[in-house]
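Report on the structure given below.
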Amino acid sequence: MTDKSSNPPYNDDHGTGQDDVHSEVAIAKTTTTTMKQGNGLCQRIIDSFKRPPASENPSIEMGDLEQGKNQNDGNEKDASGLHRTLKNRHLQMIAIGGSIGTGLFVGSGSALASGGPAALVLDFGIIGTMLFNVCMALGELSVVFPVSGSFAVHSSRFIDPAWGFAMGWNYALNWLIVMPLELTAAGLVINYWIKSINIAVWITIFLILLLIINLFGVRGYGEIEFVMSIIKVIAVIGFIILGIVLVVGGGPTHEYIGGKYWNDPGAFADGFKGVCSVFVTAAFAFSGTELVGLAAAEAANPRKTIPRATKQVFWRITLFYMVSLTLIGCLIPYNNEHLLNGSSHYDASASPFVIAIQNAGIKVLPSIFNAVILCAVLSVGNSSVYGASRTLCALAECGQAPKILTYIDRKGRPLSAVALSMILGFIAYINCANVGSQVFDWLLALSGLSSFFTWGSICACHIMFRLAWKAQGHTLDELAFVAPFGIWGSIYGLVLNILCLIAQFYIAIFPEHDTPSALAFFQAYLAAPIVLIFYIVWKVWKRTPFMKPSTIDLETGRRVLDTKELIAEEKAERMAQPWWKKLFLELC
C-alpha cells in the first residue's frame, strides 16, 4: 500500500499560476498587436500623403496619353493619379445645385436694384440659354476627352497653347479669388445672428472646415456638394412655393401683389444701361456650372454620368433661376431700401429672398433661409478649392505652371495645389482692415469677366473640335454624346459671350450712376487686359502655333469605348424601353 504522504502534495494554485502566465502573455501580445495596428494606421495616414509609384502616375496632358490608356469606365484612377470616385449621384447634384450660391441668393438683389425686374429676368434668361449650349458642348468634349484640367487643356489642344495658358490661369485665378470672398461672405451671414464676435473668428473656423473637407479628397468634395445641393434645391423649391402663395395674396397680410411692382416703380431701373449692368451679376450667379466638365477626370463612369449631369442644367436654369427670380421681381420693388443698403455684394442682409420673406411678415423663415445661404456660401467655397486645385495641377502638368503643383498623393489629392488655394484664403482677413472693401473691389475686378472668357473658350473649342472631326473623316455616330444644337449652339454661345463682353465694356466706359474715369473702367474691365497679357506673353515666349482642323490630334487620349457598336447597342436598348422612360432619360 502506497503511503500517500510520500506523494508530492497537490498544489491547488498550480493551474491558476499557469493561467496568469498565459493571460499576461496574451495581454502582452494584444497590446503589441494594438500598438502595431495603431502605428500601422498612423503610418498609412502618413504614407497616403506620399507620391504613388511612378508607374501609377503618368502625365495627364492629353498629348501624353496613349489611346484608351487608363480611360476605361470604372477605373479607380485617372491617368493623372486622381481617383475616379465621383459617382452618378454626386455629379447629378453638382449639376443641379452645385453653383447655386451668393450669386443667386444675394447678388440677384444688387442686380434687381441696378436693372429692375425686367432686366433681371431678361439678362438671366439670355445667360441661361447661352449656358445651356456651353454645357452641352462641354459635355460632348468631356465624354470624348475626360481629362484633368478639362477646358483649359482643351483650349491648348483645339485653339492655341497660348490661349490654353491664358484660359487656365484665368479660371484658376477666378477660383483663387472666390475662396476668400466666400469666407468673408460666411462671416457676414453669421453677423445676421451674432454681431459681437469679430468676423476674423468665423473666417478662421470656416477656413479650417474647408481644409478638413479637402483632406478627404475628391470623395469629400463630392459628398459635401451632394448634401449641400440637396439643401439648396429644397430651399429654392420651398421659396418658389411660398413666393407663388405670397404673389396671389395668400400671405399673412392677404395682400394681392401680382405684377404691381412692374408698374410702380417700373420694369426697368435704368433703361439700356441698367440691362447691360446686370450681365456680370448673372454670369457670377451661373459661374461654377462648368465644374461638371472639370470633374470628368474624377468620375467613375464619365461616358454615362457626364451626359446625364449636363442635361440637368436645363432644369436648374428654368426652375431655380428663372422662376425664382421672376417671383423676386414681383415681391420686391427695385428701389427697396434694404436692397440698396447692403454693405457689399456678399451681405446676406441684402438678399432679396430674405427681404421678400421679411416683407411678408413671416418671423422664423428669414433665419432659416440665412442658414441656407450659409450652406450655399460654404458649398461655393468648397467648389473654389476644388476648381482652383485641379486647374493648377493640370496647368503644371502641361508645363504652364510651377512643377511643384503637379504633386498628387496616393489618395489622389493634388496637395500642393490645394495648399496654395488654402493659403490664399488668408486674404479674407484683409476684410478686417479699413482698406478691406477697396482690396476686395480690385479682387472682384480681376475675376469679374472670367466666366465670359471661360464659356466663350468652351464654345470655340467645341466648334474647332467639330470642324476637325469632320475634316478628318469622322461622323457624329462615333460620339457617345452629341450636343443637341451641335456646332450652331456653340456659335450662338460664343456670339453671346462676345456681346456680353461688349456690353460690359460699355458699362466700364460709361458707368451706371457715375462719371467716366480710369478707376471705374479698370474696376469693371480689368480681367480683359489681364487675359490678353497672359496670352501675348506666352505666345511670344513659346511661339505657339494656331491649331488647324486638318492637323488637330483627335486620336491621342481619346476614349476607345466610344465605338459605333457600343453606341448602337445603347440606342437599341433605349428604343426597347417604354415611351415615358425614354422621355425621362432624354430630359434627365
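Heads up, the Cβ atoms here are built off N, Cα and C, so glycines get one too.
Owing to the predicted nature of the structure, the values given are computational and were not obtained by experimental measurement.
Feature annotations, reproduced from TrEMBL:
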type	residues	note
REGION	1-21	region 'Disordered'
COMPBIAS	11-21	compositional bias 'Basic and acidic residues'
REGION	50-80	region 'Disordered'
DOMAIN	90-546	domain 'Amino acid permease/ SLC12A'
TRANSMEM	93-113	transmembrane segment
TRANSMEM	125-153	transmembrane segment
TRANSMEM	173-193	transmembrane segment
TRANSMEM	199-218	transmembrane segment
TRANSMEM	230-251	transmembrane segment
TRANSMEM	271-292	transmembrane segment
TRANSMEM	313-334	transmembrane segment
TRANSMEM	354-380	transmembrane segment
TRANSMEM	415-436	transmembrane segment
TRANSMEM	442-467	transmembrane segment
TRANSMEM	479-507	transmembrane segment
TRANSMEM	519-538	transmembrane segment
Original post:
Which listed stretch (199-218, 271-292, 354-380, 442-467, 479-507) has the most C-beta pairs under 8 A with the transmembrane segment (519-538)?
Top reply: 442-467
**OP:** Report, as numbers and ranges, every residue of the chain located at least six residues beyond the transmembrane segment (271-292) whose Cβ falls under 8 Å of a Cβ in that stretch; write 'none' if there are none.
**Re:** 91, 94-95, 98-99, 101, 103-104, 107-108, 110-111, 114-116, 119-120, 122-124, 126-128, 131, 134-135, 138-139, 142, 150-151, 174, 306, 309-310, 313, 316, 321, 380, 383, 386-387, 448-452, 454-455, 458, 500, 503-504, 506-507, 510, 512, 524
Original post:
Does the transmembrane segment (354-380) come near the transmembrane segment (230-251), with 3+ Cβ pairs under 8 Å (pairs 6 or more apart)?
Top reply: yes
Original post:
So, does the transmembrane segment (173-193) come close enough to the transmembrane segment (313-334) to give 3+ Cβ pairs below 8 Å, pairs being at least 6 apart in sequence?
Top reply: no
**OP:** Spell out yes or no: are there three or more C-beta pairs under 8 angstroms between the transmembrane segment (125-153) and the transmembrane segment (230-251), with each pair 6 or more apart in sequence?
**Re:** no
Original post:
In the same chain, who gets a Cβ under 8 Å from the transmembrane segment (199-218) while lying at least 6 residues past its ends?
Top reply: 82-83, 85-86, 183-184, 186-188, 190-191, 224, 295, 298, 378, 381-382, 385-386, 389, 411-413, 418, 422, 425-426, 428-429, 431-432
Subject >> For the transmembrane segment (442-467), sequence-distant contacts whose Cβ falls under 8 Å of one of its Cβ atoms, 6 or more beyond its ends >> reply: 130-131, 133-134, 137-138, 140-141, 144, 151, 154-155, 157-159, 163, 167, 170-171, 173-174, 177-178, 180-181, 280, 283-284, 286-287, 290, 293, 345, 427, 483, 486-487, 490-491, 493-494, 497-498, 500-501, 504, 522-528, 530-531, 547, 549, 552, 554
**OP:** Restricting attention to the domain 'Amino acid permease/ SLC12A' (90-546), give the mean pLDDT.
**Re:** 85
Original post:
For the transmembrane segment (230-251), what are the same-chain contacts with Cβ under 8 Å, counting residues 6+ beyond its ends?
Top reply: 93, 96-97, 100, 257-258, 319-320, 323-324, 327-328, 330-331, 353, 356-357, 360-362, 365, 369, 372, 375-376, 379
